[in-house]
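Note sheet for the following structure.
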Amino acid sequence: MVLDFPIAFEKMSGTGNDFVIIDNREGLIPLEQHPELAKKVCQRKFSVGADGLILLKNSDKADIGWDFYNADGSVAEMCGNGSRCAAKFAHSHGIAGKKMKLETIAGVVEMEICNGDQAVRVKMPQPFDFRVGLSISLDDVEYPVTYVNTGVPQAVIFVSEDNVPVKKWGRKVRFHQLFEPKGTNANFVQVLDKGLLKVRTYERGVEDETMACGTGAVAAALISAMQKDMDSPIEVITSGGERLTILFDLQDGPVADNVFLQGPAKLIYTGELTGEALL
Ligand SMILES: N[C@H](CCC[C@H](N)C(=O)O)C(=O)O
């Protein structure tokens, strides 16, 4: 099937985690072309450049659905920052109101445009598969690792400074046998104060540090709450310098309910992909 170019897109940023968003509700781009299109348009320098591609589609379970791809063309079950950008897109195009539901592989998530349209909050899927007591050797030092699935797999390592080699260490964690076969994202977390973290994330499927990772920030906040005796809300300073806020109810043991991720989601520019975008 030949794609019908030009294809309109919007470039959005969720605290520096950036996405190309296309309204694909008419099925303009067939499923079999999605991974290739994601790899092409997410390539920085050669194309638009982004951490992921979001193709909106209709849903019979929610106001809107999507097909979400990492920059390497892999499918991810959920994306905290991407879902916030998708909600902003859907609202600005009259596809949904300020409160909406988005169907993801990780489940239907509730979104809300809030703070005078300056922020978007998403109610995260119930975190699961907490694993404590793991450890990984990084530059010959054993680091304790805690793992949780916050929609996608997330490993959390507390560090005492923020100049750790995120790409080198992150890659080792991401591909570690502990997390085979799906692998994991890797978060390096500095406790700056009670309720304030600095989080640097190596993202699976981007295979590099991103300027922010929503599901990673949620994992860092929940594990900090459990292991560093912190209460909701927890602010996360992301690699790009922007802040995410995580709100939650911590239950007994490693269970958290009503987990919300909140932060800005900005439209950076609109554009049109030409046929050459796939060459
Ligand atoms: N790269 C992630 C998906 C995107 C998560 C991140 N961008 C977020 O904001 O949650 C993975 O494959 O697990």
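Glycine residues also receive a Cβ, built from the backbone N, Cα and C atoms like all the rest.
Note: TrEMBL annotation is automatic and uncurated.
As given in TrEMBL:
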type     : residues                                                           : note
BINDING  : Asn17, Asn70, Gly80, Asn81, Asn185, Glu203, Arg204, Gly214, Thr215 : substrate binding site
ACT_SITE : Cys79                                                              : active site, proton donor
ACT_SITE : Cys79                                                              : active site
ACT_SITE : Cys213                                                             : active site, proton acceptor
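Shown on the structure are the features that TrEMBL records.
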residue	record	DSSP (3 states)
Asn17	substrate binding site	strand
Cys79	active site, proton donor	coil
Asn185	substrate binding site	strand
Arg204	substrate binding site	coil
Cys213	active site, proton acceptor	coil
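Residues Asp51, Gly52, Ala76, Cys79, Gly82, Val152, Thr201, Val206, Thr210, Ala212, Cys213, Gly216 surround the recorded substrate site, their Cβ atoms falling within 8 Å of the Cβ centroid of Asn17, Asn70, Gly80, Asn81, Asn185, Glu203, Arg204, Gly214, Thr215, which are themselves excluded. All protein chains considered, the CB of Arg204 (substrate binding site) has 25 other CB atoms within 10 Å.
Listed in sequence order, Asn17, Gly52, Ile54, Phe68, Thr104, Gly151, Val152, Gly214, Thr215 are the same-chain residues at least 6 apart in sequence whose CB falls under 8 Å from the CB of Cys79 (active site, proton donor). Listed binding-site residues: Asn17, Asn185, Thr215. The one with the lowest count of other Cβ atoms within 10 Å of its Cβ is Asn185.
Across the residues annotated as binding substrate (Asn17, Asn70, Gly80, Asn81, Asn185, Glu203, Arg204, Gly214, Thr215), the two Cα atoms farthest apart lie 15 Å from each other.
Long-range Cβ proximity for Cys213 (active site, proton acceptor), meaning a same-chain Cβ under 8 A and a gap of 6 or more residues, is found for Asn17, Gly80, Asn81, Asn185, Asn187, Val199, Thr201, Glu203, Thr238. Over all protein chains present, the Cβ of Gly80 (substrate binding site) has 29 other Cβ atoms lying within 10 Å.
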